[in-house]
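Encoded as structure tokens, the structure appears first; notes follow it.
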Amino acid sequence: MAEQVEREHMDFDVVIVGAGPSGLAAACRLMQQANEAERELSVCVVEKGSEVGAHILSGAIFEPRALDELFPDWAERGAPLNTPAIRDEVYLLKDDSSARKLPNALVPKTMHNVGTPGAESGRNYVISAGNLCRWLGEQAEELGVETFPGFAAQEVLYDEGGTVRGIITGDMGVGADGEPKDGYMPGMELRAKYTLFAEGARGHLGKRLIERFDLAKGRDPQHYAIGFKELWDVPAERHEPGLVLHGSGWPLDKETHGGFFLYHGENQQVMVGLIVDLAYSNPYLSPFDEFQRLKHHPLLKQYLEGGSRVAYGARAITKGGINCLPKMTFPGGLLIGCDAGTLNFAKIKGLHTAMKSGLVAAETVFEAIQGGDEGGQELTSFTTRWERSWAYRELREAANFGPAIHKYGTVMGGAYNFIDQWLGGKLPAVHDTTPDHAKLEQAAQGRKIDYPKPDGKLSFDKPSSVFLSNTNHEEDQPSHLRLKDPAVPIRDNLPTFDEPAQRYCPVGVYEVIEGDDGQPKFQINFQNCIHCKTCDIKDPAQNIEWVAPEGGGGPNYPNM
Amino acid sequence: MKVLVAVKRVIDYNVKIRVKADHSDVDLTNVKMAMNPFCEIAVEEAVRLKEKGIASEIVAVTVGPKAAQEQLRTALALGADRAIHVATDERVESLAVAKLLKRVADEEQPQLVILGKQAIDTDNNQTGQMLAALTGWGQGTFASKVDVKDGTVDVTREIDGGLQTVALKLPAVVTTDLRLNEPRYAKLPDIMKAKKKPLDTKTPEELGVDIASKVSLLQAEAPAERKGGIKVGSVDELLDKLKNEAKVIS
Amino acid sequence: MSILILADHHDGHLASATAHVVTAAQQIGGDIDILIAGQDVQGVAEQAAKLDGVARVRVADNPVYAHQLAEPLADLLVVLADDYSHVLASSSTTGKNVLPRLAALKDVAAISDILDVVSADTFKRPIYAGNAIATVQSADPLKVITVRGTAFDAAGETGSATIEAVDAVIDNALSSFVDERLEQSERPELSAARVVISGGRGMGNGENFKLLDGIADKLGAAIGASRAAVDAGFVPNDMQVGQTGKIVAPELYIAVGISGAIQHLAGMKDSKVIVAINKDEEAPIFQVADYGLVGDLFQVLPELEGKF
């Protein structure tokens, strides 16, 4: 249908897909250079969330290195970095009631957030990544960037030669039956000399670009995790701004990797979360329920008890690191940030490296355009610049972190990482060549897990959780969660894996219910989708395809 | 004829609100804000009047903080020709808003003022009626149909149990109900053009209106949580309770 | 203190909402008068005179008030209001139409949709679709207030107020009545219904929603649905009660086969009385229901229909 529609178009020098840390950093840097060179430059950012920050969810501990480069005066500009990390604590949870605190000397150096006492250097901040993006969005607007929240990039725009020439925004006002409704508005072509794809982890266009241009050739398959986060108002006496807790162990079993975080931020709030590696094998595992029961551990409960949960969300994390990092260049565009996979899993941080990839992209693109480039080239100089950057160096040193944990487990892998990091990434390379979706064992081998019922105080069910993500989609539109073969969930996944979508989806989008005929039926409640992309990653049949819904749909995360 | 449309910046209808810990008000820090849905319908109706050749100019107006200009830009992107921002950071009650709009109407001399029937934050449902009172114009509230004729407008109103149509002498005030129309989406080129459309800023002082309110908000609290009642053993017992204890059926 | 209540009435009948407003007025305290404005409304005045606690029923019987148009009603109230400290009406479409106009003409604030009387000048009212309750205090000399009827009990009918005619003559050149179409046989709107009966996924399929029809007919109820039932394709979107659907606050809400997901609870928790019928006795709906009946809806519904 896309071919037949005569679409309106707009032309820009640069189109950026996604108003996250990397996209906005790139937008700001492009404009800074243009303003400095007194050159007109049109830069447009499209964002599927209803506003900048609406779909942003991250821990987050923020290392300000890239921000220092972008806006050395960020403090004067009011960047929302208000809570310096003051104390790191790392724990191993042995069971549901005991925890062992790791002596500081044994904590991997990448997990240090406090920095040198008295010095600015090395100090990280407990922040809301959503609010950082809101602020970056304001800076971008002031610099002259056109930001369009509520507009999803639905398709990549290619020319006859297969070069990327921009994107096509999603149609608005299409009914569930696929027919135009009152107020139908066809998507537009946003044409650009260069297009930067910065959709975040498992972007649906990024995924297609990687396939089309074979960007992952010679790399390990990408690896992912799902990260949960809740924001809590806590009583004043339990709040210690700047306190940073990390840990692993219970409630995850030995075969399932991951770890928790609990950060004390501003406004008497605590952010608590669990990251579960999506390479898990037990089809009965429910990451959501693991997170809910985690909060009952005395170590976490001591901060949350008496408080109230104010926000909930989840998002996939691209965690493969440098072994899995695809080629980031192709004719007419670049793939940046978590859309490519620039997160440093050893630091459990990706904001700074994502932003740095955006800065490098902006510098490369601006140089080309300034030199008279009319667009559509493959900017190979990006790769050179990127590989010379501190961000790339960081990723190289952390190369073995993730694979070592996959291979040796959280504890032994952690020890390996500890040694490896002190050696600066000199241990022999470890690779994990099985994609996450292929790790799932059959239900017959799986272990059923009897999760405790949520108590409504520390732990909650999925409906009351999605309620706190402020999620909404226009109901009368086609589902944006597409099944390549609608028969697969009931015919294959149900008998083989007890349809794990029922459990890995953090908001209960997927259900197996009894149909009219008494037979099981696969139900997709797409209105609840918080755009975490886990289904696209973990479905063992790779049968679920996440595409962008009508712009403005999805969660409305405040302060996440 | 000229149409004046009033719009309000409110919390997005998808966002769950929560009361501040000190119960002084609702916490709006970093929550998504948007144009009040009923105001979107008001803008849409004005745009349709212009498309039909009935309206010649659409002026959008809002009262609120600087950030409320975002909603004026939205109105401009949707088809308003220019905008007026009455800038204040104070909490402004319906009566004061109506007084400010009255002054804007005095200056602009519109034939029709369209407002949402209520804002989804304070849920007052007052401003349109008050503006009509202050201007001495007729009011067509809760409109599900607006039919402009020569010198009059027929407004079909959603009233309890049905619909009522009234004819109002122009100029008049209309407030919108949900079924009046389905607002359109703003187009990207129009959003860009909206940035260049004229937007005037005025202050309540310049308009000569004292916005101080005689109504004070003493506190905001979360609604009392419902407590579970009792389990009944049979349909008969249920009916008995509904008749004789709850007295909701007879 | 003295209070004037603008009565709701239609077709010669005093609306039940007015009896609830009288109770709110009693809680404020002071002499209570009721104004009946309309055409040929002597019968309505006699009904109003029976409401407990009412001192006087004032009758403005004139064709100009026949259709409850806001412009003449507000002008009439402006003339009368000088004798009162409070003017009240129910939160009906008439009350909401007329009272803010009166308030502005008197240069005072209006207070909408009160749920509770804290004192003669302080009231509780819902904001943000009932997700917060505001306590507001008015320093205006005249309080103009609409009252949410379901939040107050109805006053009794054992009174005998005096009935007096109001002779103020109001002219209306601003608006005129064209026509009115009241829905007689069709079910009421979800958001305006006195009784709502909703089905959830427990209904099993769309066909089974017919089981609700008979009960809805008998009770004059609107039929709603939970999001799960809408998502499962049983019924169309516009029947949905909850988060992205409608907020309802009827006097009686009957939830059938609804588990009670928070989205749904958010849409109906302001109902005065909630009845839940569900076969799963652990269903969260029972935590908010005033009366819960654990049972198979396919047995309970026909029995209920027969006995209502």
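Just so you know, glycine gets a Cβ as well, placed from its N, Cα and C.
Annotations in TrEMBL come from automatic prediction, not curation.
Features reported for this protein in TrEMBL:
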BINDING   C:ARG201, C:226-227, C:240-244, C:257-264, C:ASN278  FAD binding site
DOMAIN    C:3-181  domain 'Electron transfer flavoprotein alpha/beta-subunit N-terminal'
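Sequence features, as recorded in TrEMBL, placed on the structure.
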| residue | record | CB count, 10 Å |
| --- | --- | --- |
| C:ARG201 | FAD binding site | 23 |
| C:GLN240 | FAD binding site | 25 |
| C:ILE258 | FAD binding site | 31 |
| C:ALA261 | FAD binding site | 25 |
| C:HIS264 | FAD binding site | 29 |
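DSSP assigns C:HIS264 (FAD binding site) to a helical segment in the three-state reduction.
In sequence order, the binding-site residues from C:ILE258, C:ALA261, C:HIS264 that place a Cβ under 8 angstroms from a chain A Cβ are C:ALA261. Under DSSP, C:ARG201 (FAD binding site) is assigned to a helix (H, G or I) in the three-state scheme. Averaged over the domain 'Electron transfer flavoprotein alpha/beta-subunit N-terminal' (C:3-181), the predicted model has a pLDDT of 95. In the three-state DSSP classification, C:ILE258 (FAD binding site) falls within coil.
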